[in-house]
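Taken straight from TrEMBL:
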- Asp22: active site, nucleophile (ACT_SITE)
- Tyr86: substrate binding site (BINDING)
- 124-241: domain 'Pseudouridine synthase I TruA alpha/beta' (DOMAIN)
Amino acid sequence: QEAAQKLKPSVPIKFHISSRTDTGVHALANAAHLDIQRAPGKAAFTGQQLVQGLNHHLRPEPIRILSAQRVPSTFHARFCALSRTYIYRLLLGCAHHSQIPVFERDLCWAPTGGPLNIPAMREAAEFLLGTHDFSTFRSLHSENSSQSPVRTLLQLEILPAPGFLAHHYLHRELEFWEVKAKGRAFLYRQVRRMVGALVAVGQGKLAPRHIQELLELKDSRAFPPFAMAPASGLFLKSVEY
């Protein structure tokens, strides 16, 4: 919003983003809309002018505008979204956090304790698919206490994945995996709790059936405190319209 104000609009900018993320969470792509009005006599910005102008002012920040286009006045970046896709990056094979490749620090979670039981994690993930009251899988705070806990999880897959610089790691016993979650909308920290619980299943700390039991409890306080995944591995991959 500050970058847009530097384009000298004739009225203050109204900026709306599709999804907010916690501190430490990343976005490979997000979407937003803004209303920008130029002074009388000046032509409206083209999409390319907006991209170039905003990126010029965003240069010091770890964010870039990839594209911009004109949309109808009825469009809303948050409420018109059909679904949101998150990926959570897991790095397996690290006995200690010092073994995380330097270029992957703060971009993945490397749970210790040996290999994960991926088939058990996939079995547990099946319980989370579909429409449920996800109260146990959300963190409560004052802003969302009145929010409905019912959400529909369209996809939850656990897949092998390359590292960002995978070819440099071939001499080491490192494996990257991604947990891919897709839904219309998610509750506060829902994805991080789901991933943490699945990893706990993979470590043998929970059984797959415990995931169903946690769902049925519908109580945020029932979530095991050891099963919260850190923010660093979570990425908003895309917003679908």
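One-based numbering along the chain as shown.
Positions of Cβ are set from backbone N, Cα and C atoms, glycine also.
The two recorded residues, Tyr86 (substrate binding site) and Asp22 (active site, nucleophile), have Cα atoms 13 Å apart. The DSSP breakdown of the domain 'Pseudouridine synthase I TruA alpha/beta' (124-241), given as helix, strand and coil counts, is 44 helix, 32 strand, 42 coil. Counting every protein chain shown, the number of other Cβ atoms lying within 10 Å of the Cβ of Tyr86 (substrate binding site) is 26. A 10 Å cutoff on Cβ-Cβ distances gives Asp22 (active site, nucleophile) a total of 11 other Cβ atoms nearby, all chains included.
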